[in-house]
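*Asks:* Reproduced below are the annotations present in Swiss-Prot:
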- Gln267, Arg440: ATP binding site (BINDING)
- 474-663: domain 'N-acetyltransferase' (DOMAIN)
- Ile590, Ala591, Thr592, Glu630, Arg637: acetyl-CoA binding site (BINDING)
Amino acid sequence: MTVKVRFDKEVREYAKGEKVKDSVLKITETALAQALEKFHRRMIVIEGDTLKKAELAGILAGASARVLSDIVGELIEKRLRDESEDKIEVLYATDALGEETFGRKRYEAFRKHFDVLAGSEVNVTAVTFKHTREILGRTYDLLILDMSYDYSPNDLGRIIETVRGGGLIFILAHPFEKWKDMWTGFHKSLVTPPYTIEDVKKRFNRRLIRKFTQHDGIYIITESGKAKKKPKKSKSQAKIRARKGVEIPEETLFPKELYEMALTRGQVEVLKAFEELVDKEGMLVLTADRGRGKSVSVGIAAIGLAVALKKRTRIVVTAPELENVQSLFRFAKRALEKLGFKPYVVEEKGLIKELYARKIGLRYYPPAEGYKKNADLYILDEAAGIHVPILHKYLNKPRVVYSSTIHGYEGAGRGFSVKFLKKAREKRSFKELHMEEPIRYAYGDPIEKWLFDVLLLDAEPVELTEEDYELIKRKEVYLEEPDLDDWFENDREDLRHFVGIYILAHYRNRPSDVALLADAPHHEARVLRLKNGKIVTAVQIAKEGGIPKNVIDKMAKGYKPRGNIIPDMMVKHHYLKEFARLKGYRIVRIATHPDAMDMGLGSKALELLEKEAREKGLDWIGSGFGASEELVRFWVRNGFAVVHLSPARNPVSGEFTAIVLKPISKKAKELIKKANDEFRIRFTEWLGDTHRELEPEIARWLFETPFGEAVDYPIHLTEIQKKRLDAFTGKVLTYDTVVDAVKPIVKLYFLDGWMKPYLDERQIKLLIYRVLQAHSWEETAKLIDRTEMFTMIEVRDIIRGLWYYYKRLLT
């Protein structure tokens, strides 16, 4: 079917009255015709520094909405949009919509012309970047993205991907020559003492501008109508091809109405895979690029399963954030309505959190909570954004579905496959499905290519050869500070390799991480290169400290400066104001090439970074991270002292955050030892309260110290307590009657230096779990896989040895 994509006489006369050149209308017509014919998106960037650019966007978007409204019926008939989507949806996103703000003025200038031309069959949604959560899971035909003052790369990824094939994106931008030297609101958020806005770089803006000019499908005009980048030839009609028909299986367990909602073969396969979970328990792993309808399919299939089970069905839905599952919930709701249900929806801040209909219930829980709930089905959406230990908590569930984006603004990458699926295969068999056919837009969409390129969403590390592994074994590596100007300005492959290591090795990456590296004055990169130049370890550091006295005094009273995470913690939690004057490197992220893990490269990078810091006259190096056993052990074994542990677990990773420090200067050593001693004292008490559920194998490493000395902390026992300890170790009294006397002895052990009685791993875990965390004998016996009687005897034997050793110190 061929449709005419030409603005009518009324539009042309209106545009002429507003002094809009006919050539600009033709660029817009051509862009829309191309988008409709290819089922791709197209972008028009409007440069300018007055309200004219918003007015021009209003005219061009209004004219486009008018054309789309005329053909919406044909688009539904061709299965390019759902029958419920019978109105043209327009999204306007800007930094501010409050009265008297420039963002509001631009929006009003846009609406002044848009409302005249667009017609009544159009819905307009206006949001600020702070509220883009509300649009997730929705799809739009036209987007006006006001980037005149502020935006963050996260906003860019999130918003652009809501536009469907056949749609247009209008970018309101400053003149490029001016924009490349401008500071945005995002830049202001990067200022941290002792730096000023003058120190903030503009590398990311320049990269963005360059990518506008390099990629196909993007046209650039000025607010006065000058075309700086236009289509090679004009186009005023589009041949619209129907989406390929989907073959519905003759025999299905799920209602046919649900299969009729499927737009691609991939979605049908998801429904069939869910059918296999009706009669038997099982696990399904579903992966896809963005825009493939993955979450939509899971939402529909979950309802199919609930109906087919013919019983009260509870479904736990989890994802890194509630915003990640909005498509899933919306289509689950639509599926229920298709089947004649009247679903009840519970929302939180405009986002669906719970969905109920008769005997069916879907509810969202944070990843660290969901596995504790009883349910018939567990769905983990955007699973690559959930920390691996939490993913494993769901592995033994009877029916579980892991669903994940391989690329996209969540920044998942192949890390999900590398870090989780490999180990999951050893524990359980499961079915894997990969969805390839796009739903929101067709293959080869130029805007997707542009987005992936500008935000480095598909970056991957360099390939390693056998020769490379030999170099790694011999540690023929060197640490280098790359020239970030060169990386970003000249689009070096090294930048992609650097970011690619993080995408594969880290559980969560966001586009703003790249902009932070590009522009933050206190952030720098270091790379560990092989002799042949290949990057095998990526390190991102933040320079912290050197804070003026007046700011330190404010910090002590509660002020929290941006950045300076470690100095702020040392001032607030350890009252060591002088630490904030010292300078150091906070290691923001350190990751090794996934094919070169456990080969000592991370430790080598730390060794060389410490050497560099020493040569530069810095006082310390440190880091903050999710406290897993593996990571705490890594940092402690590299000579770092633990100085803080957060009181609550991260809701996504399920981990407490630890902060570690390694002194370089004499003054830093004195202060860090004080903080480490204080932390160890506090930790003996926290384990019975805020950290009672902390895994003992992690706790044992948090007690380790690089200083080798006992904490100067007086332990006092009365003469009666000493006699009762003698009676307990002599099998006269039971443990429960002498806890008050046992606990100080165990504290003494954990606060001691290196010259203390030897205990093996199991014995250390027993003391932490039973004595400091006060778990029951039953729970403690389960921990070491022994009987309660054996556990009681072992604890008595350990205490006997400790009491014999420390008795002489307490006389």
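Heads up, the Cβ atoms here are built off N, Cα and C, so glycines get one too.
It should be emphasised that the depicted structure is a prediction, and the values quoted were computed from it without experimental measurement.
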*Asks:* Can you check which residues sit near Ile590 (acetyl-CoA binding site), meaning Cβ under 8 Å from its Cβ, same chain, 6 or more apart in sequence, and list them in order?
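*Replies:* Looking at Cβ-Cβ distances below 8 Å from Ile590 (acetyl-CoA binding site), excluding near sequence neighbours, one finds Thr537, Ala538, Val539, Gln540, Gly602, Ala605, Leu606, Ser623.
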*Asks:* Please work out the number of neighbouring Cβ atoms within 10 Å of the Cβ of Arg637 (acetyl-CoA binding site), leaving out its own Cβ.
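*Replies:* Cβ-Cβ neighbours of Arg637 (acetyl-CoA binding site) within 10 Å number 12.
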*Asks:* Would you identify the secondary structure of Ile590 (acetyl-CoA binding site) according to DSSP, in three states?
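*Replies:* In three-state terms, Ile590 (acetyl-CoA binding site) counts as strand.
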*Asks:* In which DSSP state, out of helix, strand and coil, do we find Gln267 (ATP binding site)?
*Replies:* helix
*Asks:* Quick one: Cα separation, Gln267 (ATP binding site) versus Ala591 (acetyl-CoA binding site), in Å?
*Replies:* 36
*Asks:* List the Cα distance (Å, whole number) between Glu630 (acetyl-CoA binding site) and Arg440 (ATP binding site).
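*Replies:* Between the Cα atoms of Glu630 (acetyl-CoA binding site) and Arg440 (ATP binding site), the distance comes to 41 Å.
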*Asks:* Can you name the residues of this chain that are 6 or more positions from Arg440 (ATP binding site) yet have a C-beta less than 8 Å from its C-beta?
*Replies:* Thr139, Glu161, Val163, Arg164, Gly165, Gly291, Gly293
*Asks:* For Thr592 (acetyl-CoA binding site), just count the other CB atoms lying within 10 A of its CB, please.
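*Replies:* Its Cβ has 25 other Cβ atoms within 10 Å.
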*Asks:* The domain 'N-acetyltransferase' (474-663): mean pLDDT?
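*Replies:* Averaging the confidence scores along the domain 'N-acetyltransferase' (474-663) gives 94.
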